[in-house]
Every structure is written in C-alpha cells, then in structure tokens.
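Trainee: Have a look at the structure that comes next, please.
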Amino acid sequence: MSIKYKWMYLVIYVAFYSLIFHELNASFGTNLELSNPVICITGILFLVIAYQLCVKINIYTFVHIVVLYAIHLVLDYWMKMTFNLNVEEFYWSNFEDNGLIQDNGLIFTALFVAICLGYRIFRQQYKGNIYYPLHTGSYEILLSQFFTYFIMTGSQMALVIRENSYLKLYNDTGNLNPKNLFIYSMMAYVLCSALSYCFIQAGKAVKNKRANFALLLISSILLAGIFNYTVQAGLSDKGDWFGTYLVPGATFFQIMIFSLLFIGIYGITNQYIIGTLLNITLGTLISIVNSLKFSIRHEPFLPADLTWWKEIGTVARFANINLGFAISIFVIATTVIIFFFYRFRILSNKLFKYRIQQVTIILLVVGFFIGITNVVSHSRELKKSGNIPLLSSMDNLQNLHWLEIYFGLSANSRFQSVSYIWFKQLTRENMEMPSHYSKQEMEKIIKKYKSLAELMNNDRTSNISDQTVIYILSESFSDPRRLDGIQSTKDILPNISTILDTYTSGLMKSDGYGGGTANMEFQTLTGLPKYNLSPYVSIMNTELAPNLNVFPSISNHFEDRIVVHLASGNNYSRRSMYAQLGFETQIFLEEKTNDKDIKNVGANPSDESTYMKVLSELSTSKNQFFSVLTMQNHSPWYYYEPEELIVTGEHFTDVESSNLLSYSRLLYQTDQATKVFLDELSKIDKRITVVFYGDHLSGIYPKSTFAKSPDNQSLTDYFIWSNFETSKLDYPLVNSSDFTALLLEQTNAKVSPYYALLTEVLHKASVDKKELDEEGKQIAEDLKLIQYDLVAGKGYLPKEFFEIPK
C-alpha cells in the first residue's frame with residue numbers, strides 16, 4: 001500500500017474522531033478550552049479529505065450515506081426500546097415522542113458533500129492531476145467513518161457514554177472530567193469504527209454472494225441485539241429498583257454473550273446459511289421458552305431447565321403447543337431455505353478456508369466464555385473493584401442483596417439480564433459460608449440442641465413413626481377469594497373451609513409464583529429453607545439433593561416409604577431423589593399398570609385418581625410415609641363443572657377470566673375429592689396424619705390483583721388433619737420448611753436435636769415474624785450453620801443429631 005493512502009487513512013480517522021469528540025463535548029453542555037483549536041484542525045482535515053475524494057462523489061455516494069443514516073436510525077431506536085423495556089410509560093410504537101427521527105450529523109454531512117461537489121466542479125473547470133485519486137479502500141473507510149459518526153452522535157450512544165459507570169464523566173460537584181471523556185469516547189470510537197468497517201465489508205459480501213468473516217461477525221452482533229430484546233421482553237414485569245430501570249452494562253453484556261455464542265456456532269458449522277439458521281432457531285427457542293416460563297412460573301429460563309429436554313412433550317403440552325406440527329413446519333422451512341441458497345450459490349462458500357482458522361475461532365470463543373465464567377465466579381471481588389468493564393457495574397446495583405431475597409431471579413434477570421443470571425447460577429455457591437462456621441461452633445450447637453431435645457421430649461409422649469404420615473402437595477392450591485377483586489357465586493372450597501376451621505391450619509409462604517413445586521417439596525421434606533441459600537439456586541431437588549452430607553428428610557423415620565405423583569418421575573430428578581431417600585415404591589405416570597385407573601379432570605390426572613393410588617398402597621398394619629404430589633390443577637386450565645360456580649376478577653382479560661373460571665372449578669373438584677379421601681382415611685383403624693398444602697399460586701392472575709397486597713402473591717393454604725383427636729394449634733403463617741416441626745408438635749411426637757432446632761425456628765424465627773428479637777436472631781444463625789454444614793460444609797454433624805429417640 002502506498003504511503004499516500006496510509007496518511008490519508010490517518011487523516012480520515014483523526015478528522016472524524018475530532019468531530020465526534022467536539023459534538024459529544026457540546027452535547028454534554030461543556031465548553032473545553034481545546035474546543036476551538038480542535039474545530040479549526042478538524043475543518044482543515046476535512047477540506048483535505050474532500051479535496052482528495054471529490055472524484056469519487058456521485059449519486060451512489062448519496063445513496064450509500066442515506067442508507068447508512070437510515071440504518072443508524074433503526075439501530076438507535078432499537079437501543080432505545082431495549083434500554084426502556086422496564087419503563088412502564090414507554091411505548092415503542094409512539095415513534096414521534098420517542099424520537100425515532102433525528103438530525104444528528106445531517107448538517108455536517110450535507111456540507112461535506114457540497115464541498116466535495118464544489119471541488120469536483122473546480123476539477124472539471126481546471127483539468128489536471130491536482131489530487132491523489134483514492135482507491136476503493138479509502139472510500140470504504142470514509143463510508144464506515146460516516147456510519148461511526150452517525151452512531152456515536154446518536155441519542156442512545158451519547159447516553160451510554162454519559163451514564164457509563166466504568167469511567168464516570170462527572171465528579172461529585174457535577175463538573176465534566178475531560179480526561180475520562182476523551183478515554184471513554186476514544187474506546188467507544190475504536191470499537192464503533194472497527195464494527196462499522198466490518199459492516200461495510202459485510203455489505204460487500206452480500207453483494208458478491210460470498211460470505212466472509214465480516215459478515216459472520218456483523219450477523220452475530222445483529223442477531224444478538226435482536227434476541228437480547230426478545231429474551232428480555234419475555235420478562236413481562238416492569239418497574240424500577242431505587243430509580244434504576246436497567247443496570248449499566250447489562251444490555252451490552254448480554255449482546256456480547258449472545259454474539260460469542262453465535263460466532264461459535266458459525267465456527268463449528270463453517271457455513272453461513274446453516275449457521276444463521278441454527279442461530280435464529282436457538283435464539284427463537286430461548287426467547288419463546290423464556291417467555292412461556294416467565295408467564296407460568298414468574299422465573300426466567302435457566303441452565304437447570306435444560307434437564308426438561310427429556311420431557312419436551314410434557315413441556316409442549318403445558319404450553320399448549322402442537323409439537324409435531326411445529327417440528328414439521330420447521331424442518332420443511334429450513335430445507336427449502338438451504339436448498340434455495342445452495343442451489344443458486346448464494347453465500348454458500350465456507351467461512352474459513354483453512355481448518356486452523358476455524359479451530360482458532362472456536363478456541364477463542366471457548367476461551368472468552370471460560371474467562372467470563374471465572375470473573376463472574378469471583379462476585380465478591382467484583383463488588384470491591386470497579387475496574388472490570390460491564391461486569392463490575394452489574395454486581396454493584398444498590399441494595400442488590402435485598403432485591404435477590406425479596407424478588408428472586410425474576411427481578412435480577414430484568415435488571416442484570418438473563419444471561420448474567422445464567423453465569424451466576426453456573427458459578428454460584430449453593431450457600432454462603434457463615435463467618436463463624438467451624439468445628440468448635442458446630443459442636444456447641446450440637447450440644448445445645450441435644451439438651452433442648454431432651455427437655456422437649458420430657459413432655460412429648462408419642463413417636464411419629466408409630467403412625468402413617470401423608471404429605472400432600474396440592475398443585476397450585478390457593479383460595480382465589482382471598483385475593484383483591486375476586487368474586488364467586490358460591491363457595492369454591494366448602495369442605496376444605498370446614499377443615500380449616502376445625503384443624504390446625506393457616507397460610508404458607510411460598511417461594512414461587514406460578515411455579516416452584518420442587519422447592520416446596522424439598523423444603524417440606526427436609527426442613528431446610530430456601531431463604532438461607534444463594535438466590536441463584538433454582539431447583540433444590542436437582543442442585544442440592546445429590547450432594548447433601550446428610551439428607552434430613554422426615555421420611556427417614558419410616559421403614560415403608562411411598563411417593564405418588566401422576567407425572568413423569570424424571571421431572572426435577574424426582575426418581576433419583578426419592579431413590580436416594582430410600583423410597584422403594586415410586587408411583588409415577590409412566591409406571592401405571594392400567595389406564596383405566598387414572599382419569600383426567602381437565603388436562604391432567606385428577607386428584608381423585610391420585611388419592612385412589614394412595615389408598616391402594618395404604619397398609620392397615622404397617623406405619624408408612626407418603627409423599628404425594630397432585631397434578632390436576634396444573635396448567636393448562638379448562639374445566640366446565642359445576643356450571644353454577646362463576647368466578648370473576650377485576651381487570652382480567654378474556655383469557656385470564658377464562659383461566660380463572662376453569663381453575664376455580666378445578667379447585668372445587670379438589671375440594672370434593674379431598675373430602676372423600678379424608679372420609680376414607682377416617683374409617684381406617686390406625687393413626688393417620690395428613691399435611692396438606694398448596695405449593696404456589698396459579699400463574700393466572702394479572703399484576704393488578706396484587707397491587708394493594710403484594711404479599712398475597714406468595715401465600716397458599718395449608719392444614720394438618722388427623723383421624724384421631726388433636727388440638728387445633730395457632731400458626732396463621734408458616735414456611736414450607738416449618739411443616740415437620742409443626743407436625744411433630746401437632747401429634748405431640750418426640751424430636752431429634754435437629755427437629756428441636758426447627759421447632760425453635762417455628763416458634764421464634766420463622767416467616768411470621770416481621771422482626772426477630774435477639775433470641776430469634778441467634779436461632780436463625782444456628783439454622784444457617786446447620787444448613788451450611790449439610791449443604792456445602794464439611795459435614796461435622798453426626799447422624800445422631802437427626803435421630804429421634806424411641
């Protein structure tokens with residue numbers, strides 16, 4: 001390359017950065033001393049560029065610039081839509097008020113083109129070689145710089161630069177720091193320049209029908225931007241957190257992650273068309289699954305959900321999707337597209353000519369992911385340091401810890417991005433180690449609760465293993481009439497209402513909305529509360545159970561253990577978890593011996609069928625433990641009896657109203673079946689106790705239902721029934737992890753040191769206490785130590801700590 005072209009490239013870059021820096025400076029309302037000299041030098045440089053370029057100016061130049069400006073407007077508006085996803089007052093279709101049309105750069109661009117045309121006229125009048133003709137590379141660089149200029153002076157990029165948290169532009173007094181502005185704008189300029197040039201080269205590749213690396217890169221970034229929006233839009237909640245609608249850097253982090261993922265797929269396939277189809281398919285699937293899961297369970301799509309691929313048919317049924325039809329359409333469409341592009345040799349060439357190039361790209365992508373994973377895993381260092389672009393700001397959100405505790409992954413994913421939650425879940429510890437965890441401290445706790453258990457057992461006369469215990473997790477069971485704006489023409493739960501008035505009963509605080517069954521199941525069996533764990537633990541059955549030092553389930557105190565769940569045993573690894581707990585009798589849907597034994601009410605196996613399975617396994621001579629999970633009230637909801645039961649809700653859409661009505665009628669069937677089941681148990685001449693509870697609310701309610709009483713979103717009903725006389729205890733609000741302690745107290749059964757601790761938690765440190773006194777705080781800390789030792793600690797607790805004396 002000739003030296004004259006090299007210096008011209010330098011002139012173009014310097015001129016455009018100077019222009020961009022000046023306009024950013026002006027847009028921030030500052031007036032730096034260097035502004036005037038910069039303007040003069042910039043003007044001279046552009047005169048030189050125009051003089052050299054005038055011969056290239058024609059109608060195509062005008063078209064190219066107009067197209068680039070239009071693309072800039074689309075990209076800028078797309079960024080604005082993305083940044084405002086959580087803003088309730090933002091409507092993407094309000095183009096005029098949202099500033100779709102901008103005029104940044106138009107005056108300068110028009111002036112520059114006019115000067116070029118003036119030079120061109122001058123040349124035609126005075127012929128001669130008075131300029132250095134620029135080759136195609138210079139022209140492409142110039143176009144890419146115009147694109148960079150449009151992007152960096154657009155409203156959204158200027159906003160990103162102004163509000164970045166990596167190099168803050170304003171000090172505490174509100175004055176601009178010119179050094180930080182220069183550094184950050186220079187970094188942004190270099191990145192935008194590189195991508196803009198790749199964009200021009202990608203356009204050439206499409207024109208020439210020959211794919212290249214630039215097309216691969218730009219396609220990956222554009223697809224990442226699109227799917228970043230669709231994934232985040234699937235999290236339908238809106239609102240801020242202490243004035244923050246989106247953590248700085250969250251959008252660019254997720255676009256970077258998706259881009260790397262798509263680049264990796266291009267690298268593996270080494271084909272642009274096939275790689276693009278795979279990337280679009282993957283992005284679409286993630287977006288759809290994320291949206292469906294959030295609408296049903298109020299939780300984003302997580303890596304742990306990948307275990308559901310084995311039960312894709314079940315997932316499709318819950319989502320009301322014709323899986324066979326969808327797959328057929330997809331296969332036909334992709335086949336037609338691939339045939340067309342390869343038949344006419346459009347972008348059908350290999351992306352990498354040499355295998356070493358392909359392998360290098362794949363290794364670089366893998367290396368980036370390993371590096372990001374390593375950085376995210378050191379979250380404490382992120383909070384202390386502000387020196388890691390994107391990542392530091394995302395872990396320093398104000399009151400992030402309380403956001404995690406009270407709103408969980410749904411809020412984190414909205415503010416920090418779904419992909420960031422993926423990395424946090426993959427790298428998180430199940431539980432943070434208490435600062436005073438040690439062997440000596442654990443020995444003190446063991447001694448403390450051993451003594452307390454002995455004291456409690458002086459007044460307790462029975463043993464829980466001398467009766468049959470049935471834990472019934474009733475799918476989505478929660479009385480809708482407790483919620484604001486719900487009206488019904490008759491009692492939805494006439495029989496259970498009587499039971500609630502007669503036996504120990506109240507409300508249970510659920511950890512999920514619309515989902516979270518496995519977590520309530522695990523907490524109920526073990527007494528280990530989810531609120532002590534990392535907020536990034538999603539499914540306790542699969543993430544905790546396999547690695548527990550001791551599995552402290554109430555079922556351990558029974559010889560005969562049965563699980564009944566008329567759904568797949570593979571869901572949430574239930575089959576392996578119950579095998580780990582010694583459940584020899586496992587009744588799951590795929591193991592039914594006679595289809596006639598199971599009847600559906602609505603879309604799912606009825607509660608009556610579930611109860612019949614329990615009765616068929618119930619022994620009149622042996623004491624047993626049953627873990628029962630119903631399915632009847634799971635989505636989708638459609639049921640039409642009794643017709644006289646009409647339930648309505650304020651501000652419900654037609655679909656929501658239909659779901660509410662069907663769901664309420666399904667609850668009525670639960671009420672009837674439960675009454676019959678308990679009547680049958682009453683006839684059996686042996687002691688039986690039933691712990692009945694709803695795992696979470698159904699995800700059918702609009703946000704307005706909980707506007708006045710947000711706590712109602714996590715409250716379900718419970719009762720403890722026995723076929724022998726017991727006292728009605730007063731526990732109006734409990735956690736799912738409190739049930740075993742409450743069961744033992746209800747039946748006056750002896751406790752182990754572990755259950756002595758859980759009894760103390762129930763009395764003095766559970767979710768019904770708005771504030772804990774000093775004793776309650778100490779009990780809560782003791783529970784954390786015990787739980788950490790079981791979940792992630794060194795296993796100091798002996799088995800004797802969990803044994804109940806005979």
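Any Cβ shown, glycine's included, is placed from N, Cα and C.
According to TrEMBL, the protein carries these features:
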DOMAIN    467-748  domain 'Sulfatase N-terminal'
TRANSMEM  7-28  transmembrane segment
TRANSMEM  34-53  transmembrane segment
TRANSMEM  60-79  transmembrane segment
TRANSMEM  99-122  transmembrane segment
TRANSMEM  142-161  transmembrane segment
TRANSMEM  181-200  transmembrane segment
TRANSMEM  212-230  transmembrane segment
TRANSMEM  242-265  transmembrane segment
TRANSMEM  272-292  transmembrane segment
TRANSMEM  323-344  transmembrane segment
TRANSMEM  356-376  transmembrane segment
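Can you tell me where each of these features sits in the structure?
Mentor: Beyond the transmembrane segment (7-28), the same-chain residues lying 6 or more positions past its ends with a Cβ under 8 Å from any Cβ of the stretch are 35, 38-39, 41-42, 45-46, 48-49, 52, 104, 108, 132, 134, 138, 141-142, 145, 148-149, 152-153, 158, 161-162, 169, 176, 181-182, 185-186, 189, 193.
Away from its own ends, the transmembrane segment (212-230) comes close to residues 75, 78, 81-82, 85, 195, 197-199, 201-202, 205-206, 251, 254-263, 266, 272, 275-276, 279-280, 283-284, 286-287, 347, 351-352, 417 of its chain (Cβ-Cβ under 8 Å, at least six residues beyond either end).
Tertiary neighbourhood of the transmembrane segment (242-265): same-chain residues 79, 82-87, 163-166, 216-217, 219-221, 223-225, 227-228, 231-232, 275, 278-279, 282-283, 361-362, 365-366, 368-369, 372, 389-391, 393-394, 397-399, 415-420, selected by CB-CB distance under 8 Å and a gap of 6+ residues from either end.
Using a Cβ-Cβ cut-off under 8 Å and counting only residues 6 or more beyond its ends in the same chain, the transmembrane segment (356-376) has close neighbours at 257, 260-261, 263-264, 266-268, 270, 382, 388, 391, 420, 423-424, 426-427.
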Trainee: Given the model, what does the mean pLDDT over the domain 'Sulfatase N-terminal' (467-748) come out as?
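Mentor: Mean per-residue confidence for the domain 'Sulfatase N-terminal' (467-748): 94 out of 100.
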